[in-house]
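K.L.:
Here you go, one structure.
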């Protein structure tokens, strides 16, 4: 093969105002500048240094050549297109990234669903109570698929935190419910069933939404939150009737088999399914995981808007605003009690702040849907169901508002 004369190669190169060079070489070769060999080339008026041919395989491909050439030309003009174009492409948000970040808008969606349910109840009345169990189960499936079985084993190594969560659920919260329920009747002159409804909310187990809230703020503690909620839910078959009898003064029968079935459907089975799918079929898990946040947001919106829309007449009753105030103060007190009690007990723990957030969710968020179901099934007066219906919305709004606040604080640290 004849060697290529550098002079001949130089004659084919166009003036420097062209963006890219003309392809005058074979695909397996590229032009590269090298220092002048002799004075013959230094006197050339068309370029500052001659060119030689070098195999592309030695320098990484023709794409890098064109990129390097264009970058050099723009650099001569005082521009840096390489950096700008890289930033431009890196700033483009893919659909998958958008889906993964859907959780960040959850508080806004909860607020929007609340307003929509108040203004146009038919938008949620189709989501009847028969959908509550599978809807909550889907949220637990989302938590399970993003968790690992080792996380749950680690959770049981913290019995002190589990015990404190249980105390918050069945001691602090019922005391607060008794105080606000008594105030509803004695100070605000509300009907006795309203006070009973507030007390009933304080007697039920922790909400599965508290697990999801913990997952959004402190994913590492989500298994601990699930263990605490599962324990309080499993023992609710005994604790809830006893507390109801003590606080409300009326025996509240509980369908033990039905509650166990509900626990299995809402908590145990979905989380186990998520863990097994993540363990046995990781490719499937990775494929569906980006879609879970947006689906979970829509699911949560229905769980919030439906109870409000289905009980809109009671909520909009003349004493609805007073009930809203009392229920809000009850949940606010529970959130604060859980947060500061945990801070005093675990002040020296390395993850004290994360524990405070987790226990605050556990104490402040109750299974208001369960309270609503019990009120509908076991109390003849429909007024008992008003506080649980309002509680479903209030505790969700407050809980996910805290998710947004605490998540932003973590980002700024």
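Cβ coordinates come from backbone N, Cα and C, glycine included.
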K.L.:
Kindly point out the range from 290-310, 353-373 that TrEMBL annotates with transmembrane segment.
P.N.:
290-310
K.L.:
Which range, 140-165, 322-347, does TrEMBL list as transmembrane segment?
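P.N.:
From TrEMBL, the annotated transmembrane segment range turns out to be 322-347.
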K.L.:
As a test: from 102-120, 166-188, 194-214, 260-278, 290-310, pick the stretch that has the greatest number of Cβ pairs under 8 Å with the transmembrane segment (385-406).
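P.N.:
Stretch with maximum Cβ contacts: 194-214.
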K.L.:
Cβ under 8 Å, sequence separation of at least 6 from the ends of the transmembrane segment (226-248): give me the contacting residues as numbers and ranges.
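P.N.:
Contacts of the transmembrane segment (226-248) (Cβ under 8 Å, skipping residues fewer than 6 from its ends): 140, 143, 152, 155-156, 161-162, 165-166, 169-170, 174, 177-178, 181, 196, 199-200, 202-208, 210-211, 254, 256, 259-260, 263, 267-268, 271, 362, 367, 370, 374.
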K.L.:
Please figure out which one of 102-120, 166-188, 194-214, 260-278, 290-310 racks up the most CB pairs under 8 Å against the transmembrane segment (322-347).
P.N.:
166-188
K.L.:
Can you work out whether the transmembrane segment (290-310) touches the transmembrane segment (166-188), with the criterion being 3+ CB pairs under 8 Å where the paired residues are 6 or more apart along the chain?
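P.N.:
Counting Cβ pairs under 8 Å, fewer than 3, so no.
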